[in-house]
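K.L.:
Quick one: the structure is below, and I'll ask about it shortly.
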Amino acid sequence: MTVVIGFEGSANKIGVGIIRDGEVLSNPRRTYITPPGQGFLPGETAKHHRSVILTVLQEALDEAGLKAADIDCVAYTKGPGMGAPLVTVAIVARTVAQLWGKPLLGVNHCIGHIEMGRLITNSQNPTVLYVSGGNTQVIAYSERRYRIFGETIDIAVGNCLDRFARVIKISNDPSPGYNIEQMAKKGTKYIELPYTVKGMDVSFSGILSYIEETVFAMLVEITERAMAHCSSQEVLIVGGVGCNLRLQEMMGVMCKERGARLFATDESFCIDNGAMIAQAGWEMFRSGHVTELSDSWITQRYRTDEVEVTWRD
């Protein structure tokens, strides 16, 4: 059996997870929460991560009932994400790998979400809608790559929701998107908003003053187009915004009309977490990937389709 520990800290979540052959042994996490009306700055976020990461690491080992000697590989988020938080996590992962004498593996954050979603839902070959604070992409697997069929041409959908929450001073606890969702459930009137779909891409910057229902309709449309192109009968929603039940409901209606299946996870796994990095690292490590110490840098821009997916097919 192969045991991989994963370190995630690309934004305001810091998590450490342990995977053993598809089983999540532990997945503790902390969130850096700022006051209403404020976002999280890279330096302050990194400071938060530095203050708790060793505690979270110990929690992960304790919950899993494992020691350093039981770990086969140390995986960490290489990117994309915020520079300072990524560096914090990479330094700890590099140090741990050297202290424990274990192989190191840099993981693409987006692929971590996809592989965690595939594991938890048992979806086989889904069209993936990846929606988070930093990314909005429609993805499908083809010829050893996760191909991007459509994406935002300006800001990510999660960033759009976060910025809207800051403007009207919605609380960041537990997250702006969650609080918007709860307020929207009480709404009774639909307001027509700018709807900007350009081919397979979307634009959210012009809609920032308005928000949720129209944003999700745009995402459902481009996902359905990708499904038609790929002859897909599965949709998997991943990323932090994927927790939104209204988005899942709207996507479910589309899937039902097409005779397709919808897969989604709860906040345990759709929100950034260490186990998703461990799971992607597990897949990569088992297929022969290892990151040399000299190559264990981070990058804020690391596209999903840059990674050769050697563990499928």
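Backbone N, Cα and C atoms are what each Cβ position is placed from, and that goes for glycine too.
Not my notes, these are from TrEMBL:
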BINDING   His109, His113, Tyr130, Asp272  divalent metal cation binding site
BINDING   Tyr130, Val131, Ser132, Gly133, Gly134, Asp162, Gly177, Glu181, Asn244  substrate binding site
DOMAIN    29-278  domain 'Gcp-like'
K.L.:
Quick one: pull the CA-CA distance for Asp272 (divalent metal cation binding site) versus Ser132 (substrate binding site), whole Å only.
P.N.:
9
K.L.:
Have a look around Asn244 (substrate binding site) and count the other CB atoms within 10 A of its CB, chains all included.
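P.N.:
Neighbour count, Cβ to Cβ under the 10 Å cut-off: 26.
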K.L.:
In Å, how large is the greatest distance between any two Cα atoms among Tyr130, Val131, Ser132, Gly133, Gly134, Asp162, Gly177, Glu181, Asn244, the listed binders of substrate?
P.N.:
19
K.L.:
Round to the nearest Å and give the CA-to-CA distance linking Gly134 (substrate binding site) with His109 (divalent metal cation binding site).
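P.N.:
Counting only the Cα atoms, the answer is 11 Å.
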K.L.:
Rounded to the nearest Å, what's the C-alpha distance separating Gly177 (substrate binding site) and His109 (divalent metal cation binding site)? Just drop the number here, would you?
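P.N.:
Distance (Cα to Cα, whole Å): 20 Å.
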